[in-house]
Each structure stands twice: as structure tokens, then as C-alpha cells.
Amino acid sequence: MNIAAVFNALLVSVLATVLWKYIKLREHAFMVEEELVLMRQSQELSQVQIDYHAALQTLLEDGTRMVCTGRMHTDRICRFESLCYSTEAEEFIYFHSNSSVMLPNLGSRRFQPALLDLSSVEDHNTQYFNFVELPAAALKFMPKPVFVPDVALIANRFNPDNLMHVFHDDLLPIYYTMQQFTDLDPETRLFFMEGWSEGVHFDLYKLLSNKQPLLREQLKTLGRLLCFTKSYVGLSKITTWYQYGFVQPQGPKANILVSGNEIRQFTKFMMQKLNVSLEESSSEEYIVVFSRTINRLILNEAELILALAQEFQMKTITVSLEEHSFSDIVRLISNASMLVSMHGAQLVMSLFLPRGATVVELFPYAINPEHYTPYKTLATLPGMDLQYIAWQNTAREDTVTYPDRPWDQGGIAHLDKAEQERIIKSTEVPRHLCCRNPEWLFRAYQDTKVDIPSLIHVIRQTVKSKPGPKKKWSGSLYPGKVRDARCQASVQGTSEARLSVSWQVPWNLKYLKVREVKYEVWIQEQGENTYMPYILSHQNHTFSENIKPFTIYLVWIRCIFNKNLLGPFADVLLCST
């Protein structure tokens, strides 16, 4: 064999080995560099350090893990580990591995209609959340993930340009969702996935966390595939008190679960974040008139302010969202004796009023106050301790309408002439569904000259003296069960019997200041469907009416504080005559 050929073959083999090692080293260096870039992207999200290789290995081996609370999509909140999001497909991804957990495991029921609601507005088809499923092995063929090391709360804002929606649908539910799960502390990062821009009230969302909230559009700048190491998806609806009329005309929710106490805990938190202190405020009592500057105007606002000041002998000031900072408005409202405003989103600020203050809501012509009650419902929540008054303009001549404006500002020029005539002549907007009823919009955006004597008369029916806040909490505490309930029967002949029942007061009564204590007793003959109810003032009573000899009776007893605070029934007594 030619020695030169052997030498060349060896040289080629050595060069190939060196070249292969160089390529492998370069690939490894490229992968390390890519991991460093992805790690830096992850750390741009947070100061939390992350071991990128370990995080990627965990995702490949363990996949996604999900455990949810709630039985239905309308009350479900889910906790995820390693939930991912494709910014290109704009969809969440659940990666399956042998270690994945999915509870509840709904199968195709997950699409009927969704796993959960992303917002606190119940069962709205623009607010549904779901994910796409992939095997964890698919990660090898996908863009390298950027890991989000912060604990994430993922939700939708419903309408961030409207202050009522901001507080009712977003801020309160986010605040109490974070109270519900200990992982959701002030270092949680909020991710809003509905697609809106920041909006005029975005600074309020920033108060809920020490970290800047991120919007869906911003996620595209972070990477093509984001993976949340730990996240919670969905919002608690427990603080919401109003439904907006998507299925039936708007009104209070059927089962309201929030009280004024929880609202006031939230407002206390917000005031602290806004650096608003009641101690900084003047002790002088005053009335606040909320001024609107674009639509739904009070045409004789100056006259109204003067009349209120004279009637109640109190300083009267105006505030507006356009001319005052939010913290200044909160500072003024939080110490006011009365808040007067046209119907509108700004009235949600009444949740900052002190206990004992008065809310006066003004309604334009043809708008029935009983049909639009978000602020009445708020003011009358148990424990809010606010007085609510509604006034409606009933004089057609005191209203200014704008039929030629665009439809979304109350214009009706796009409607046929007959419909325009009907709306103009109508004296009351019929109950309707949300959100584009032209008659409602026409009346909602009209301006009003307030009949001041009429308004003062309506206020005076509720506010008999000078209005003023009360600082002390007058909580509604419920009685416990009555104790040691006993019964004793006596029979007189074959046709008459008596049933003597006695009990001890609930043990918590001795710690409470209660104006009035009553007891409710139900007596039911065994086997019958009806019962005889009694309201009693004492802890014992002998019953003879409708009591029969040689009969078994079931007796229930409960305590009532102040006429309407009903305690639980004690265990049923079985009494034989």
C-alpha cells in the first residue's frame, strides 16, 4: 500500500474527528448561549434567579400540572405548574407527561363551554379560558421556552375604560382572589389576556401588586413560547353584586355574597396604596357633587351647588374625573357627608364614602331608577351603612337630547323615522338587555336641568337633619344556637294536652350589645308537612293550642337579634305528649 495514501487517509480521519468535535462544541456553545439569552429574558420579567436547564428538564419530565377549585366553569379557579403560552398562536398549552396532573379531568366536557371564566363576569362567551394539549416530547420541535419565574395571576379585565367595571369586575375580584391563595402575595405578577390596551385607569391595577402588570400584546416581546412556573387562572366572583343584563335585564345578582365589611377592607387597602389618610382630611363636614364634563350633564350645576349648601348649611364642592387626580377624589369622598351625582360609572366611587354618609343618584328623563341599580345595591349592602336616595327628572322640558350624535353616544338618526318618533315620545325606557338598546342610549346621554325644589324634597324625606358620617362600625353579628332545649308534656284527659318548652340563651349573647332578643319556635306534628310558628320574648313557654294527647311533636328553636338577625336552629327536640 502506498504510504502517502495511508497518511492521507489518517489525516482525513483526524481532520473529520476534529471537525466533528468542533461542530459539536459549536452546537453546545450555541445552545448555552441560547439558554443564557432565554435566562436573561426570564430574568427581565423578574429579579428571581432561574436555573434555565433545570426548569426545562422539569418541564420535559413533569409536564403541566393543574388542580382547580369549583365545580362549574363559572366558579372555577385553577392552579397550574408549567402552564405555557404560545404568543404566535395566542393559546395556552398543557404539556402531558407521565407525571402530569389534571383535576378536574373533564375530557371533552372542558369545551362545554369552557374550563373557566377568565373574568368575574359570569359565563360571558368572550371571557372563556381553555388550553391546547400537547405531549411534552413536542417541546423538542418547538421554540425554546422563556420561563416566567414570578407567581402569575392570569385573568381578563372586562371593560378597563369604565370605572364601574374596573372596580366591580376587576379590582375587587383580583384583590380577594389574592386573599384566597397564599401564593398570591404582593410579589405576584398580573397578566391581563383580554387584549385591551392599558386604558385610562391602568394605574389602579398597579396598586394590587409590587410588579408591573403585563398585557397580552407585551408578551410577544418576551418570546414565542412562555412557560409560567406557577400560575393561577381565573378570578373569584364572590365580591360581585350586579349582573349587567346579558341574559335578562340588568339588576342585583340573585345570590349576593359580599358585605360592606369586605368592601371597606378593600377601600382601606386602596387608600393606603394611594397614600390617602383620613387624618389628613379636614374635620369640616361637606357635600361633594360629582361633575360630568362630556355628557349626561347637570345643566344648572352652579345653582344646584348653591341650593345644597344653603339647605344643609354645609360647604359644597365639585369633583370630576377630568379635572382631579384619582387620589384627590378619594381623599374628598372618603370624608364627605353626602355625594350627589348623575347616574354613571363615577358613582362606584361611593364605596369610599364613610359610614352614615348619603348617596344621591340623579336619573335623566324616562330612565326608571328601579331598573338601573348598581349603586343602590352597593349602598344598601349589609354593613355599608350608607343612605341611598334616587331622584328622577320627570319633566320632558328639563331635558336636552342629542338625536344626531353617533349611535354609541345616544344618537338615533340611523333609525327609521317611525322608530325615532316612538323613542322621542316615550316616557319610560322599557326594560332591556345589554348593551346597544337605542332608546336607553338616547336617554342615558341626555343632559338634565335638575328641579331643585323636587330634589331637596326627596332628600329631606330621608335626611331629616344635617347629614354626617358616623365613624363607628355597627356590625350585624348573629346569635348562636340556643342551649339546653327541653320539653315536658302534660295530658289532661283524652282530648287536652300541654307542651312546656324551655331553653337557655346562646352563649355568645353575653358578649354582645343587642337592642332586642326574640325567639322563634316551630312546632310540627310528626308525619305532617305543616308547622305552627311562634315568636316569643322569654326562654320558656307552655303551648296548648292544637296540642293533642299521645302525639309526637318536633320542636325547633332559634334566637333572633334586632328583628332581622336570625340565628341557626338548635337540634330538633322530639316531644311526646
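Heads up, the Cβ atoms here are built off N, Cα and C, so glycines get one too.
Over in Swiss-Prot, the protein carries these features:
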- 1-4: topological domain 'Cytoplasmic' (TOPO_DOM)
- 5-25: transmembrane segment (TRANSMEM)
- 26-577: topological domain 'Lumenal' (TOPO_DOM)
- Asn98: N-linked glycosylation site (CARBOHYD)
- Asn275: N-linked glycosylation site (CARBOHYD)
- Asn335: N-linked glycosylation site (CARBOHYD)
- 481-577: domain 'Fibronectin type-III' (DOMAIN)
- Asn540: N-linked glycosylation site (CARBOHYD)
Quiz prompt | Shortest C-alpha distance to Asn275 (N-linked glycosylation site) - which of the glycosylation sites Asn98, Asn335, Asn540 | solution = Asn335
Quiz item: When DSSP states are grouped into helix, strand and coil, how many residues of the domain 'Fibronectin type-III' (481-577) land in each?
Solution: 5 helix, 53 strand, 39 coil
Quiz item: About how far apart, in whole Å, are the alpha carbons (Cα) of Asn335 (N-linked glycosylation site) and Asn540 (N-linked glycosylation site)?
Solution: 48
Quiz item: In the predicted model, what is the mean pLDDT computed over the topological domain 'Cytoplasmic' (1-4)?
Solution: 59
Quiz item: Once the chains shown are all counted, how many other Cβ atoms turn up within 10 Å of the Cβ of Asn335 (N-linked glycosylation site)?
Solution: 22
Quiz item: Judged by the number of other CB atoms within 10 angstroms, which among Asn98, Asn540 is the least packed of the glycosylation sites?
Solution: Asn98
Self-check item: Pairwise CA distance, Asn98 (N-linked glycosylation site) versus Asn540 (N-linked glycosylation site), rounded so that it is a whole Å
Solution: 66
Quiz item: Does DSSP put Asn335 (N-linked glycosylation site) in a helix, in a strand, or in coil?
Solution: coil
